[in-house]
Amino acid sequence: MKQQELEEYLSLYFIMGSVNCSQDPVEVLKQAIDGGITLFQYREKGEGALQGNEKYRLGEKLKKVCLNAGIPFIINDDVNLGIALDADGIHVGQDDEAAHTVQQKMGNKILGVSTHTIAEARKAVFDGADYIGVGPIFPTRSKDDANKVQGIQILQQFREQQITLPMVGIGGITAANAKQVIDAGANGVSVISAIAGADNVKQAALQLKSKVL
Ligand code: TZP
Ligand code: MG
């Protein structure tokens, strides 16, 4: 995939797993797609998360929904699951399997890496990341072990220091603050609760979409 194509897919990047949803995750994903999300990450994590075969089976269903809609399907952390489901990509954090070994195992898939400092961003580039996630930009309740809040300044700093890789902001992003994230240099926004936790999922995605175009 060309960098420009990936940048377009990153514009409204929806992340969720069953614990983030108050209704059937398959329905949540379908509604989010109707509202215009451009990329999806299956992140089955946290208290009460599905494991083993159940985790696999939900992943299979969500992948099918993405495939039908032409939306890339990315797996969080679990490289073996990504390979088993033939996902379009894998996203790893700093505490997960090293990005360069993931890159070797996955071959031609999209590799995303979470970064919090310039050094981590440079290493992600070196390891062959296709994009980086940067955050938390704002306070979040969706990640127990989140790093300290960075503000939009970190996005500006990365761009000033010649990090040219596609990047998305993450953490506490809503329709009210998404434009700041884009204006600070991100190609898109990654969102869990503002979409998965909305009463009207499609409407929430539509509202975010109008801010990132
Ligand atoms: N990584 C940094 S913040 C975060 C992750 C996975 C959670 C983002 O969730 P929300 O609900 O959009 O703040
Ligand atoms: Mg991780």
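Cβ from N, Cα, C; glycine included.
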Site co-member for 4-amino-2-methyl-5-(diphosphooxymethyl)pyrimidine according to TrEMBL, given Gln41, Tyr42, Arg43, Glu44, Lys45, Asn76, Ser114, out of Lys2, Lys143, Lys148: Lys143
Other C-beta atoms within 10 angstroms of the C-beta of Ser114 (4-amino-2-methyl-5-(diphosphooxymethyl)pyrimidine binding site) total 23
Do you know offhand how many angstrom separate Asn76 (4-amino-2-methyl-5-(diphosphooxymethyl)pyrimidine binding site) and Asp96 (Mg(2+) binding site) by C-alpha? 10
Between the two most distant Cα atoms of the 4-amino-2-methyl-5-(diphosphooxymethyl)pyrimidine-binding residues Gln41, Tyr42, Arg43, Glu44, Lys45, Asn76, Ser114, Lys143, the distance in Å is 16
I'm trying to understand the geometry here, so how far is the Cα atom of Ser114 (4-amino-2-methyl-5-(diphosphooxymethyl)pyrimidine binding site) from the Cα atom of Asp96 (Mg(2+) binding site), in Å to the nearest whole number? 10
Mean pLDDT, the domain 'Thiamine phosphate synthase/TenI' (12-195)? 97
